[in-house]
Amino acid sequence: MSLPTEVETPTRNEWGCRCNDSSDHITIAAKFIGILHLILWILDRLFFKCIYRRLKYGPKRGPSTEGVPDSMREEYRQKQQNAADVDDGHFVNIELE
């Protein structure tokens, strides 16, 4: 019973990247999808309040207040303003003296 004395080791050119042929259709599609995903993610982060508010309420500015007394409308506006203030509250304003 003899032990193997030679070990197969890959040569340096086998360690190299085999994806140099970037004309492969799958590679091109993956790059395109990746770039598109990045652009959509950036737009979503920039405009998430506008997008989701529009999806929730449609093209109008908010839920309808038809038939609601003025006092309740004002109370609703105050709640909405307070909710917007709380939502923006995760940003820290540092004032230097």
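Cβ atoms are placed via backbone N, Cα and C, with glycine included.
Residues annotated as transmembrane segment in Swiss-Prot: 23-43. Taken from Swiss-Prot, the feature site 'Seems to be involved in pH gating' applies to W41, supported by sequence analysis. Per Swiss-Prot, S-palmitoyl cysteine is recorded for C50. Under the heading region 'Disordered', Swiss-Prot lists 58-89.
Taking Cβ-Cβ distances under 8 Å and a sequence separation of 6 or more, the residue listed as 'S-palmitoyl cysteine' has no neighbours in its chain. The Cβ neighbour count for W41 (site 'Seems to be involved in pH gating'), using a 10 Å radius and every protein chain shown, is 10.
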